[in-house]
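A.B. asks: Grabbed the feature section from Swiss-Prot, which reads as follows:
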type	residues	note
BINDING	His79, Gly120, His121, Ser122, Gly152, Ala153, Asn182, Tyr291, Glu372	thiamine diphosphate binding site
BINDING	Asp151, Asn182	Mg(2+) binding site
Amino acid sequence: MIDSTCYPRLSRIQIPEDLRTFQESELRAVADELRNYLIESVGLSGGHFAAGLGVVELTIALHYLYCTPIDHLVWDVGHQTYPHKILTGRRDKISTVKHQGGLAPFPKREESIYDTFGVGHSSTSISAALGMAIVAQRHGDERKVVAIIGDGAMTAGMAYEALNHAGGMSPAPNLLVILNDNRMSISEAVGGLTKMLGRATGSKALNAIREGGKRIFGDKKTNATARFLRRWEEHWKGMFVPSTLFEEMGFHYTGPIDGHDLPALLGALKTLRTLKGPQLLHVITTKGKGYELAEGDQIGYHAVAPFDPQKGLIKAGAKKQTYTDVFSEWLCDMAAVEPRLLAITPAMREGSGLVRFSQEYPQRYFDVAIAEQHAITLAAGMATQGAKPVVAIYSTFLQRGYDQLVHDVALQKLDVLFAVDRGGVVGPDGATHAGNLDLSFLRCVPNMMLMAPADEAECRKMLSTGFHYSGPVAVRYPRGTGPGVVPSAELDVLPVGVAQLRHSGTRIALLGFGVCVAPAEQVGRRLGLTVVNMRFIKPLDRTLLLELARTHEGFVTIEDNVVAGGAGSGVAELLNAEGIVLPIVHLGLPDAFQQHASREDLLAEAGIDAAGVYAALLSRWPDLAVQNHPLSAVS
């Protein structure tokens, strides 16, 4: 429990209007309390950490000077919005972030009127803010609209599409874009723009000019002296900063300024509030600011489990192998014997398990920044030249490159392997990061082969199978650990389109896909039913399914994907095409976006854990409920 008496100023702030009652001279103390409160609260509950520490001063300045929620703040990505949540009526609930029934991990319109746009994926803020500014302009509304973008989001093409549109409009919309430049996404930001911004902020000449002025005038600058120094600095900045890029796109550029210097932020924002048309303010921040361990390990402290801020994160001992670990090990093993293998990630080196590969095979590793569309077509181009690219990508981010998957890869039947991490139920990160649609949107694409492993050993075999297959393949696996089946060191392959009969029983066939094989087997063995590990979503094992349809009363399909258009739909379509009428119960995720909760709670809620499978069976075939098989036996 947090002692509010340790935060006397912050305790007076329930909404931003309360913040505006403070004198500007008091805001430094408010910022210190807010940063310390964030450290203490996230230490208790876990959650996104370093990004929020980096925008404490910026968040305070924005809510202090802008009349939120009338004025609109549009945050990009959302990792950095814990300070925003704390200042907008959710301070006492911040420790519930990511927990079932608690605060969402990202801005969410249903949660607060101060959350003007729901986010979780990157690079959407400028487009959304521009849309708001256009409508305000049409209505003659004087509200201010501010997009805050950073954490690598400016490496995505969508941001430039919005800048290009906004800067070329007539009449010009009143829009402020704040570039929060911390040179990071989750991993280090990469690419030409990042290097250009780095040249601006790291210029020795510019810093020498700035520091020289401080030494000469100290804290005794008059207003006239301060104006002179600002003009002199702006003149020199023009020689070092990327103002030309944004100016040519139709934006008035201001910066770069220190994003932790509250007087500088307040001064710049006061001026920008009075200006018309598209404006861009470039601020330099440090991810993890104010917590030394996070500043020193910005990747490690991006998102954290509960920890003691006095001690920092404790290095975990030996842990159970995750599916991501299986992929990471397989990738390096296959690269050792297959020189054609190239690996691509859209800014998710750590999360997708590419750290070791990037170190051992740096010339074969391509981090394209937050650019999923480019990543996939880059892979397509590589494949045309005989390479075998492996695209390591989260299921939720694969959605952002769907046209490229369809048009550039599948249409041309190019040899690209998609290692789709975080498929199905993801858990605490909520709806924006769930992988509950991928089986549906991949299954319908011609030329695609699609697999989902039941365990770690099978995941390795599927990756090898996909690598050696001629054509586009997706291996879709979940977040976290599996049942603990240790993979072989071999690079064995599976026969394409062949399922695995796990248990030969009678009456009902339970068809499990991916992680849902485990509950199917737990229930099926107990009740003497047939259990199948389907392995392939596409192509399905037609021979086995037709044989089972001939010898069983009904099927139950079980998948951690939405039922609509999913793996079970494929089974029904196959039987229908053969003119076979058979009762089928489809178990899967509901036609709804997942909320944040633990994976276990979400699986149970969807009825695809062992207890849910058992209950569904009894609902359709009540006579299966014999005395020897109570619900408790399989829950």
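Keep in mind that glycine also has a Cβ here, set from the backbone N, Cα and C atoms.
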A.B. asks: Return the maximum Cα to Cα distance in Å (whole number) over the record's thiamine diphosphate-binding residues: His79, Gly120, His121, Ser122, Gly152, Ala153, Asn182, Tyr291, Glu372.
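C.D. replies: About 32 Å separates the two most distant Cα atoms.
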A.B. asks: Note down the number of other Cβ atoms within 10 Å of the Cβ of Asn182 (thiamine diphosphate binding site), including every protein chain shown.
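C.D. replies: Looking across every protein chain shown, the total is 23.
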A.B. asks: In DSSP terms, helix, strand or coil for Glu372 (thiamine diphosphate binding site)?
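C.D. replies: Helix, per DSSP.
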A.B. asks: For the binding-site residues His79, His121, which one has the sparsest Cβ surroundings, going by other Cβ atoms within 10 Å?
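C.D. replies: Checked His79, His121; of these binding-site residues, fewest Cβ neighbours within 10 Å: His121.
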A.B. asks: Distance check, please: Cα of Glu372 (thiamine diphosphate binding site) against Cα of Asp151 (Mg(2+) binding site), rounded to an integer number of angstrom.
C.D. replies: 16
A.B. asks: Could you check which of these binding-site residues, His79, His121, Asn182, sit within 10 Å of Asp151 (Mg(2+) binding site), going Cα to Cα?
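C.D. replies: Near Asp151 (Mg(2+) binding site) by Cα: His79, Asn182.
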